[in-house]
């Protein structure tokens, strides 16, 4: 018999009754029923009930065992009485009568219990992550993560992609976030960087003649933490292909993700049609470039109904350049109580409130109610109702100003309305491609033109497009949203040096600076670079959605906390003075 186990804690069934077996695992819980000791023994695979009575030679030893001790037991498999069968576990028809027991690893008093559903502070869970990971939900999440990564790999191999590993230590490259810098001992005063993404390397692979590349890639970004984002590192399915169009990229990644969500989505519906929505329309309709399409609400511009109206706030606002009034329909939200709740929501978001109209039954007909309805009159109110397709029992909320200033709050209000009114389908994965991202934006204070999104995407229209108004230039850049989260981001790359130099020139970067920052890639593009493009899918977010977790740290093995600290490993830590001397560094305290 094997030194530690002949079976796992999920293997045994009624067919094994009478066999002598050996199990190893952790003590999930201990119970004393009338002098008979019961232990639920747990390993990675499942739970087996083991027991012994006072006549057993290991009874006294078993009395000493406590929760989360690691033990080995030998015993005989017994059938449970029919009334004691536990259908909730795979071994529920049997129990193991212990003949021998060995303590493999005793445990000190536990800072958190593995058994049960008790909640603990996140700081405690992260400090003792190895205990937290023993809990059933965390085991399930990590198994799911492993299975998702395996499925992604298998599908990419099946599609004839080659898996390559790109460097982890490289040059600093401004890609939208702060780099983690690594000082060089051999080159004092110079620094490497951990890659924010394998962006340049995967493009260089295309120049090197490899047609289809993928990698389960670690990415490192010094970012402020959010519930859906790790502050230091994350993993992505990184993809790049040569001689492809934007639609080719969509056609590759859609079946891959569809299979993953169908396979691991717990029976939720997976949309088969993935609409392509322009960035401009996404901002107008949803107030977000990662819309949640489970919510059917579409915002609309209603400026014409308020121009010159009796509602002076909106009428005066529309006289300013670049302003707009938008409506958020709320089917089923037609009560003053709900409208007041939404006003309170807007105030929490930093607004004075939201204008609203709601429609109610007045016996002989329909009546529009609310302060806006009184100010703009029945004709304008009716025109708004017809445009939005609303009726009795419905409402509409209104925000105005320069769209960039209110779109984010409008999007949050749309999401809140959808959840409050039960309009958002909780049993569905809804996908949408967001396309036609603007390449440039103007700083409202300085008037300076800078990149709004990926500077390496090919402008639609090529070099000719860059000769006109920069703010009208859109790129072959795309994101994939699912249920309000950005899952995929990608682009068809700007592989022509002359177009790249012009694109950067518009944003104020000269050719010399571009060569200095991106010299490796720019030089390579001078030697017959093929048209190429790709994307990257965030594995952490995919698993978070599939596991129905609101916090991304629930699907990462050893995450940092909100302050980018590893409480378990005490990172970041202060270096030894000798280490600093070797690197030619000195720590200057902040005042």
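Even glycines carry a Cβ here, placed using N, Cα and C.
Just so it is clear, the model here is predicted, and its values are computed rather than measured.
Under the heading L-aspartate binding site, Swiss-Prot lists 175, 221, 453, 493. Other Cβ atoms within 10 Å of the Cβ of residue 493 (L-aspartate binding site) number 26 in total over all chains. In the three-state DSSP scheme, residue 493 (L-aspartate binding site) is classed as strand.
Within the same chain, residues at least 6 positions away in sequence whose Cβ sits under 8 Å from that of residue 223 (ATP binding site) are 177, 178, 229, 231, 232. Here Swiss-Prot flags 221, 222, 223, 486, 538, 539, 540, 541 as ATP binding site.
The average pLDDT for the region 'Aspartate' (199-202) in the predicted structure is 94. Sequence annotations record features per position, and here Swiss-Prot assigns region 'Aspartate' to 199-202.
If you look up Swiss-Prot, you'll see 33 marked as site 'Important for tRNA non-discrimination'. The number of other Cβ atoms within 10 Å of the Cβ belonging to residue 33 (site 'Important for tRNA non-discrimination'), over all protein chains shown, comes to 8.
Panel annotation: around the region 'Aspartate' (199-202), residues 166-167, 170, 173, 175, 213, 215, 238, 240, 456, 518, 520-521, 534 of the same chain, lying at least six beyond its termini, place a Cβ under 8 Å from a Cβ of the stretch. Every protein chain shown contributes to the tally, and the Cβ of residue 486 (ATP binding site) ends up with 17 other Cβ atoms within 10 Å. Looking only at Cα atoms, residue 453 (L-aspartate binding site) sits nearest to 486 among the recorded positions 33, 222, 486, 541. Taking the C-alpha positions, the distance from residue 538 (ATP binding site) to residue 33 (site 'Important for tRNA non-discrimination') comes to 49 Å. The Cβ of residue 540 (ATP binding site) lies under 8 Å from the Cβ of 230, 234, 235, 552, 555, 556, each of which sits 6+ residues away along the same chain. For residue 493 (L-aspartate binding site), the nearest neighbour among the listed recorded positions (33, 486, 539, 541), judged by C-alpha distance, is 486.
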